[in-house]
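Comments concern the structure below.
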Amino acid sequence: MAQGSGSAERALVLGVVLVFLVFNCEVAESVVYTVGDGGGWTFGTSGWPAGKTFRAGDVLVFKYNPAVHNVVSVPAGGYKSCTASPGSRVFKSGDDRITLSRGTNYFICSVPGHCQGGLKIAVTAA
């Protein structure tokens with residue numbers, strides 16, 4: 001009987017530990033952000049990331065008229081010069097979902113004059 005009692009105690013301790021873990025573990029969930037909020041991806045959104053905390057795995061949704069704009073993921077140099085290099089990923093659906101990588105993620109509109117007019121954002125994800 002003593003042996004059965006030890007098994008019950010171990011099961012109880014294991015149950016308590018599992019309950020503790022369930023209630024004290026932090027679950028990392030990605031957050032979905034719509035770039036530009038209600039206005040979408042358009043001129044004047046370059047300051048949109050300010051004050052927000054982004055994490056790797058969060059998703060940016062770019063909503064825009066695909067007949068007018070696009071979204072291009074570029075490196076820092078392309079962001080500064082408003083140039084999409086060959087091999088840059090171009091999105092043009094008007095409802096694009098892009099998952100953030102750790103570090104700074106740069107996006108521009110490659111329609112002539114749009115990036116130069118301020119249609120670009122830099123988003124840093126921890």
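The backbone N, Cα and C atoms fix where each Cβ goes, and this holds for glycine too.
Which of CYS25, CYS115 pairs with CYS82 is settled by Swiss-Prot: its disulfide partner is CYS115. Computed over the domain 'Phytocyanin' (31-126), the whole-number mean pLDDT of the model equals 98.
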